[in-house]
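Pulled from Swiss-Prot, these are the features on record:
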type	residues	note
ACT_SITE	His117	active site, proton acceptor
BINDING	His246	heme b binding site
BINDING	Thr247, Thr279, Asp286	K(+) binding site
COMPBIAS	1-13	compositional bias 'Low complexity'
COMPBIAS	14-26	compositional bias 'Pro residues'
COMPBIAS	251-270	compositional bias 'Basic and acidic residues'
COMPBIAS	369-381	compositional bias 'Pro residues'
COMPBIAS	394-406	compositional bias 'Low complexity'
SITE	Arg113	site 'Transition state stabilizer'
TRANSMEM	458-478	transmembrane segment
Amino acid sequence: MAERIAASLLPAASPSPAPSPPPPRPRVSAAAAASFPCCSTSAGGLRLRSRPSRFPQKAATTRSGRAGAGARAVVRCMAAAAVAASDAAQLKSAREDIREILKTTYCHPIMVRLGWHDSGTYDKNIEEWPQRGGADGSLRFDAELSHGANAGLINALKLIQPIKDKYPGITYADLFQLASATAIEEAGGPKIPMKYGRVDVTAAEQCPPEGRLPDAGPRVPADHLREVFYRMGLDDKEIVALSGAHTLGRSRPDRSGWGKPETKYTKDGPGEPGGQSWTVEWLKFDNSYFKDIKEQRDQDLLVLPTDAALFEDPSFKVYAEKYAEDQEAFFKDYAEAHAKLSDLGAKFDPPEGFSLDDEPAVEEKDPEPAPAPAAAPPPPPVEEKKEAEPTPVPVTVGAAVASSPADDNNGAAPQPEPFVAAKYSYGKKELSDSMKQKIRAEYEGFGGSPDKPLQSNYFLNIMLLIGGLAFLTSLLGS
C-alpha cells in the first residue's frame, strides 16, 4: 500500500509516453528528491534532508530509484503516525499515582463509580460512535456531570485531573477505567483483565442523553435493572456480579436522597465522614455485600430496593446466594463483568487495544514472609482458653428462617420464609440544604412562610360547603 501511495505522489516514477529519447536530465540533489510533507508536527511538515552528493553520477538517480526512496519515506511516515490513543508507559505511571491517591484519600468507591458511569451509558442498539455512549471520556464535560445520577462525581474528576495534566499522552476514557480497575484491586478485589487505547470524544455535544444509568429506587427494581443492563448487552449473572461492587462505598442523602446522614460505621471516616454504607468494612472489596443483604441483621447497613431485588427475583437470587457463599466465584465473575463493562461503546486505537499486564502479577507485590529456618525449634504449646460462645444476634428484619415453634407447623420442622427486603431508606427525614431551600422557595412562592401558614382559600371552602349541602339535600329528598 505504501508503494502505491508513493507512486501516486511522485509522477516521475511513471514511464514517459514519448517514444523519442529523453533530453539530458538535470542533476537533482538527493535533498530535492526526498523532500515532501511527512508526519505532522507543530512546525509544519517534517522534511527529510540530506547533504548534496559530491559525486554527480550518484546524485542523479534513476526514476525507479527515486520512487523507491519516496515509498520508503512514506512507510516511515506512516509508521510514525500509527500511535495508540494512549501511551502505555504513561498509563503505567498514572496507575502508580492513582495508587498513591487511594492510600491518602480513601477514594476507592468514587473512582469505581467514575469508570462505571462513563461506560454505563452504552446502548447496544446504536451502532454509531459516539452516539452509542459508553467509555469515551464524555463524563468530563459539565453537560454530563450535571446529570442527576452523576451527583458528586465532580469530586472524582478533581482528584483525577492533576494526573491527566501530568500525563497528557493518555485519554480521559482510559484514565477513568484505569482508576476504576485500580481501585478495585487496591481494595483487595480481583485483578481486572483490562485493555486500553480508548478514544476520547472531543465536545460536550457528544455526551449521551440523561436517563441511561440505573435508578436506586424504581417502582419495579428487578425489571428496571434488566431494562438498563440488557440495553448494555449484559445478562443476569453480570447484573448481580456488578452489583457486588456496592461492598465499597456509601450513599449520601444529600447526593442521592438515600441513606442515613451517618452511622456508627461512617461517622468517623475514613475519608469524609457521613453517609450510610452497605457493609461494615466499606473500603474492603469482598462478598460481604451479599452476606449482609441476605442476613439483614444491622439497620445501620443500607439496602436499596435494587439491592433487595437480588434476593427477591428468582433468577437474580441464584447468583446472589452463590456469591454469598463463595467469594472466589464472585471474584471470578466480577472481574469478567467489570472488564466487559469497561469496554462498552469504546472506540479503540489500535482497534484490538493493548494490555498493561506485562509486569509482575498483583500477588507478587506483597510477597509472603519467608518460612522460619528449619533448625529453629518450635515454640512451646500454649494452652488455649476456651472462649464463650457468642450470643446469637436476633434477626429483626428479613429473617432467612422462621422462628415459630414446630407446633405451629403441625409438628413439622420450621420452613424458610420468603426473603423480605429491609426497610428502604428513602432519605426523606434528612434533606440536603439545597433541597430545603428549594422547598422553601416553592412554599413561599404560594404565599406561605415558615412563620405564617398559607391562607385558606375561602372561595374553595364555600364551594365545598355548597356541594356538601346539595348532596345531603338530594339524599333527604329521595
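Each Cβ is built from the backbone N, Cα and C atoms, and glycine gets one as well.
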Rounded Cα distance in angstrom between Thr279 (K(+) binding site) and His246 (heme b binding site) is 8
So Thr247 (K(+) binding site), by the Cβ count within 10 Å over all chains shown, scores 27
Checked against DSSP, the composition of the compositional bias 'Basic and acidic residues' (251-270) is 4 helix, 1 strand, 15 coil
Same-chain, non-site residues whose Cβ lies within 8 A of the Thr247, Thr279, Asp286 Cβ center for K(+) are Gly244, Leu248, Trp278, Glu281, Trp282, Lys284, Phe285, Asn287, Ser288, Tyr289, Asp292
Thr247 (K(+) binding site) and Arg113 (site 'Transition state stabilizer'), compared by Cα position, are separated in whole Å by 12
Its Cβ having more other Cβ atoms within 10 Å than any other among the recorded positions Arg113, His117, His246, the winner is His246
Fewest C-beta neighbours within 10 angstroms among the binding-site residues Thr279, Asp286 belongs to Asp286
Rounding to whole Å, the Cα atoms of the residue listed as 'heme b binding site' and Arg113 (site 'Transition state stabilizer') are apart by 10
The rounded CA-CA distance in Å from the residue listed as 'active site, proton acceptor' to Asp286 (K(+) binding site) is 21
Whole-Å Cα distance, Asp286 (K(+) binding site) to Arg113 (site 'Transition state stabilizer'), is 17
Thr279 (K(+) binding site) -> DSSP, reduced to three states, gives coil
Under a three-state DSSP reduction, the secondary structure at Thr247 (K(+) binding site) is helix
